[in-house]
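Features of the protein shown, as given by TrEMBL:
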- 312-391: domain 'Histidine kinase/HSP90-like ATPase' (DOMAIN)
- 12-32: transmembrane segment (TRANSMEM)
- 52-72: transmembrane segment (TRANSMEM)
- 79-108: transmembrane segment (TRANSMEM)
- 120-139: transmembrane segment (TRANSMEM)
- 160-180: transmembrane segment (TRANSMEM)
């Protein structure tokens, strides 16, 4: 069910309806375009300023204009107010107001998203307005020159025509209200699907950037432990080999999950994100499994939040790839900030002739491109170089 109070479209409808009703009501007060009941059903009469209860009609116009705004949250109450208001005018002053019944139609439109049945019922009840024409109600549509319009003598046939035309108007309004309801519902569904896809994309990125990175480090440390600690017992070597195998298997399964989750574009998260100042800690953790040199930590720390986040993820992915494809090799990270950020990550990778882009490189490229930067990943003289430029 659509909540009109939360829908910008229905807020516009309510606001526009309120302005329209207010202008219509003020015009009725100024031009005395009202309906007055005559017990004998006699001819037309143009209100004189002393006859029309202008002050009370002004109050009625303001209250009627507030009815659509009330209908956003309490449509039944708004409809009751809109219905009782003209009854009060008739009871107290023998005056019908065009504006009050127009307000009932606006309330019916705003009720449709909550309940089509109630909206249609309200539109039908608003037909009480033309039905009063059969009860000898005389329509007065005067102008400032006091021209007499004799609707009172039109007869039953003429009144039935007016009723029919008003019924067509009500039907058209209800059809338009249903079309609007379907449009808003469809738009809300599309927005919800887009939000879901964006959240899945964000989750996939976080899984890759955080979980996959740490699992990869576990695998690398388990594989390199027998070489860094030669005194390990055979049982420990077997256990570490099992850990490495299970870590690699977990990475493969995680990539499968990422393939399912990764759809659409990345959404901005609400949780705190790493920045350029966090790269130093990232490097310190990575140095526990292999030599890593960082030159330019101050430049990274001086980056704004957006560029710092991208730089952090680029370094993280480059370190992960280095440990995966060349465990134990030295990694050099340099950063220079002179208006434009130049970030370069270099690691030894003998025998690498080409770099095959995976999910991590694709993610890096998308992040960099989103900021108008460039990313180059290529082998150079036995090294693999990741070079990023961010404006």
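Cβ from N, Cα, C; glycine included.
Unlike curated entries, TrEMBL annotations are predicted automatically.
Mean predicted confidence for the domain 'Histidine kinase/HSP90-like ATPase' (312-391): the pLDDT average there is 81. Shown for the domain 'Histidine kinase/HSP90-like ATPase' (312-391): DSSP residue counts in helix, strand and coil, namely 26 helix, 32 strand, 22 coil.
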